[in-house]
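A short worksheet on the structure shown next.
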């Protein structure tokens, strides 16, 4: 039931809604009250007319009575008509003023109450989502949640605000109208009512369709979100067209529902009018019989009854759009309340559970079995038993997918085990307070997430009450202090969205500082150094080594240097802990660990000499670079905020015709629809004509019953004609406009999405174009543009024909009266315009305010594991709630303005009536205008006035549509510097794959003041392998991005002797395969992910299997229940890192590229997976030009050329042996690395 939508109302809001409802009820009763005045007035007119007729026709009566009559008339009656009219005008004006006040109050109270409730719903929903367990997030896409927070809540708002007040008002009018009918004349009322049940049919279907449409779009929104989040992968594999098609496929569903809804609405409207006109015909035929033949009613009573029932029924009809809003709101509310009511499996904010006084930090797993909730059929941990002693450092080793990271997530209680239990100091962790438990744990992940704020704030996320001293101490412990102090703004440096302004090593160290500032009893290190180059690793490793002292530490690592230092090593295999012991003990056992060690050290027999102290000296050698890297960031983060605000405002308005151009292919629909709408528009004024004709008949007196038949029959024909029109023309109007509108929405969304994917990568670096913001724009902008076309065009055409026909009729019968009434039309128009102006102003404010909350929500939900791990849910919630204040205040302001405009618009009609009837009385008296003409002119113009009102109610939609369209076209018109879709550029047949950087210079467009490459020169011949080495942030990955043409350098990169800037983008990218450090997979099957490598044609299954075999992936896939059809989950979340990496390699292989780019392709893997993947890569490299970026020397040694980079320049180059002989930077890096690992190779 609809009342469920109000479950968040407090007593204050209930009071406001009650007051609003009371005003609405009194307002609703005002219209029928006016009819009493109207009936009496009509009687007065008719009586006057009859008496005038008697005067003109003296033959009827004797002379005496004639004299008496004329005497009586001169003295009493004739003076009376003007005076009577003055009295009636007074009534009208009084009612008008009352309505002004009531209208204002009813809207104001309801809108304010709604704003307060929506505020609560937004808070409650976000609170609950932030409380949900991680398993729930595995099964829910973040894109969908973001859409819910913005769109669905707005739909609830529409269902519980002014619509309710208007609904109550209309319902009251309906009830009072019918009451008036029954009291004044029950016979006629019954006859009319007999027909009216037919009106009640059809509203339910409409509501049902809306919900479906929402669901259908949510899917397409999720696709858009996924694609925009992984735009680099899409670009690298040329998947733009494929993604646009996939998005479009999902849009088709939404379109179908929209069109069906249009047809049903059209049918329903036509059917309503059909019944109404049938009613009219019947009522007037029977009514004139009662007045003229049986003389039961006075003509005024007939009008009161007829209009009472008519106004009642019409208001009932007008109440039906409100029902649609309620239904939509209910659908949206169901989704949101369902989440609000859901009980999280693990409630991270519950106060229950013990908090231990003293924590030793001993963790034990007792027969733990575990499946991920999103994949209940795959067993990850299988009867795992192990003890992690307090104060010791335990390292987990094992192949990827063996369940190491899973155990860490279980210790944090992100999930609960399916069987068995985990204890901390002998207490089952399920019995402990969860916030307390997580506050005892510091975690550093492999891909650390930083939040878009300053470095100091990011570290403070570890512990709220941390002072600046604590932060500095933690930064020193994490070895981050030096690089932070070298930045221009030091601890106040902004790290960018997701930490994008920091290099990997810097992010990792900030994350370690964040973990240390908590002073945790338990430290979890999940591959905390895998993403680093050797030099940063040495630094971070030392930081971690310090950090572990006196704490229970669990470290997952693949590099033996990291593991060797542990007190205990636990070997994992297939979800079980199969061995445990120190490094030496396990080597003797010759089990899992021994195998990993021998595998890894084979690659490392390179170095046999050198001490670690030599290596240490080198630690500072790349720092000037970092300094430079950061000066730019400090400057950069400041500028960005400034610029983003400016752009939002500066959108050039677009001509409406340009929107229609996009709808051009639907012109036959539009023309048909407009014609139908025009015909429908003429119906109301024609009806006014017939109505006054009937009034004219009534004053002829009951001279002969023949009159009745003669008059009623042509009138009946008129009515039949009108109702025929209705049924035939409303349905096509509904269908044609729904069809053209939905096609437009779909086309705009598709074009918008296509335009987004066609932008250069630099555009996505801008904060304004974050995936969340872009997804929201796709959802809202296109549907708002449709709000200005589609069914709205029908409304406008309808209104204009209505006004046109009405004016012709009015001026034809009495131009003087018409002019007087016309004076009031500007007021009507004005109130409409003011309202529109206000609402659009509010809309843009709301949008701004809500974008801020959208960003907070998006950041929190995308990184929910990090947020949960550091227990910062409450902070995000309070931040979100703080930003909700602005839209709330705007809504309150809106309530007053909107209420005033509404009251004014409602009351002006009554004031206009007062004046026009008063003047009409004067004309009847002085110029002998027939009274039926007075009614004819007034009713014609009033109907056209309401039509004008309808047209002006359209202006807010139109204004919204114009701003949305402007934003949309700004995107479509933007010419990217590197256009994916253009056919321009060089292509050639014998693509060899030689690469040359000649004094190459480059700066990132989002950080124009810092040069990243300062004259890079290096070349590779076809088929050779070039390896880049160097500290983090020296421009290695940048050079790879230039080859892909994600960016263009200022000058100096050549492929096969052609300048990359001049090569066709698609052609170039089709020759390059890339495997990156954190490969992005799409939410579809493994086979589809591999096929993604070749988007030019549909790859056969054989090719997929062949690529999988080359990538050492085939056997693993065949072991899964669904084999190649297994869904990898959002961003590949259902797979381990090694598995993701191999899928990415298969994806690159199926492309059959001439150039292979490997950006840290194995860094995230454990030794065993690394061997497999490395073998796969070596196979893939055969016969191709290859560029490798790696931090592990085993990966680099066999390269034909090794280039050592520093600060955007190559400082040494040659083969491994040549560089070792030079004893320069490479030699030192090698020693640094080996000092940790050589131990085994001896």
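Glycine too: its Cβ is placed from the backbone N, Cα and C atoms.
Predicted automatically and left uncurated, TrEMBL annotations should be read as such.
If you look up TrEMBL, you'll see 18-328 (among others) marked as domain 'ABC transmembrane type-1'.
Sequence annotations record features per position, and here TrEMBL assigns domain 'ABC transporter' to 363-599 (among others).
Per TrEMBL, domain 'ABC transmembrane type-1' is recorded for 671-960 (among others).
Over the domain 'ABC transporter' (995-1232) the predicted model carries a mean pLDDT of 79. Residues annotated as domain 'ABC transporter' in TrEMBL: 995-1232 (among others).
Annotation source TrEMBL lists transmembrane segment at 14-40 (among others).
Among the features that TrEMBL reports, transmembrane segment is placed at 61-79 (among others).
Positions annotated as transmembrane segment by TrEMBL: 91-113 (among others).
Residues or ranges marked as transmembrane segment in TrEMBL: 164-182 (among others).
Residues or ranges marked as transmembrane segment in TrEMBL: 188-207 (among others).
For 263-285 (among others), the entry in TrEMBL reads transmembrane segment.
Marked as transmembrane segment by TrEMBL: 297-316 (among others).
Residues or ranges marked as transmembrane segment by TrEMBL: 710-730 (among others).
Sequence-remote contacts of a segment are chain residues at least 6 beyond its ends whose Cβ falls under 8 Å from one of its Cβ atoms, and for the transmembrane segment (793-813) they are 670, 673-674, 676-682, 684-686, 688-689, 733-734, 737, 821, 933, 936-937, 940-941, 943-944, 947-948, 950-951, 954. What TrEMBL records for 793-813 (among others) is transmembrane segment.
As annotated by TrEMBL, transmembrane segment applies to 819-839 (among others).
Taken from TrEMBL, the feature transmembrane segment covers 897-917 (among others).
Annotated transmembrane segment per TrEMBL: 929-948 (among others), in sequence order.
Per-stretch counts of Cβ pairs under 8 Å to the transmembrane segment (897-917) identify 91-113 as the leading one among 14-40, 91-113, 164-182, 297-316. When each of 14-40, 91-113, 297-316 is checked for Cβ pairs under 8 Å to the transmembrane segment (164-182), 14-40 comes out on top. Panel annotation: around the transmembrane segment (14-40), residues 6, 88, 91-92, 95, 98-99, 102-103, 105-110, 112-113, 164-166, 168-177, 179-180, 184, 300-301, 303-304, 307-308, 311-312, 315, 906, 910, 913 of the same chain, lying at least six beyond its termini, place a Cβ under 8 Å from a Cβ of the stretch.
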